[in-house]
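Straight from Swiss-Prot, the features:
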BINDING   8, 10, 169, 204  Mg(2+) binding site
ACT_SITE  8  active site, nucleophile
């Protein structure tokens, strides 16, 4: 039996941006025998930073389900995808260049601010990111993050152009027709080729809802509600239940 847990990062595993408080959580999950899979709106570069700090080695899902990064030779069979460095990458989203082209057409009309048209100083102000993490957040491949807008309607225009707009813990994300659930299910199907699987997911935002629909046990931090998820106050509560 393989036990897999999908973890959102912001406001779920990470109270803020410091990985230190998450170390005992990750260690406890390892002791319980879990395969830990980050499933976050964060970029590959950001997730690699936290993977290193937290010593997490398995696959991870980036930018709201836009791509799955699987370490080479992780599964005992060939994984379909694009070879990129030490990973096989299963791409489910669209390239960020396509998204930014659409945003460029709308930014003047709606006063949009996002990574692609913001300075490092503006990004620091919007996100409260530590300076050393800003380049990692800017290294986007499949999505953009909307920080500010001056009037409503931009979401509908982007949806009409074929993109998805989802709400995370802090900001709206713009990406292709991908979500955390589609990516999680695809990865679970690969695990099931190895052995029986028991699956879990923990998140705190609306963009986590799709992954709650594809796992056996789901936990929702905070006051939102989802029919397939049990509400908890923090990830520490989850450790007591699994």
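Every residue, even glycine, has its Cβ placed from backbone N, Cα and C.
Under the DSSP three-state reduction, residue 10 (Mg(2+) binding site) is assigned to strand. Taking the centre of the Cβ atoms of 8, 10, 169, 204 as the Mg(2+) site, the nearby residues of that chain (Cβ within 8 Å, site residues left out) are 9, 11, 12, 40, 168, 203, 205, 208, 221. Residue 204 (Mg(2+) binding site) carries neither a helix nor a strand DSSP state and counts as coil.
Residue 169 (Mg(2+) binding site) falls within neither a helix nor a strand when secondary structure is assigned with DSSP, and so counts as coil. Cβ neighbour count for residue 169 (Mg(2+) binding site) (all protein chains, 10 Å cutoff from its Cβ): 20.
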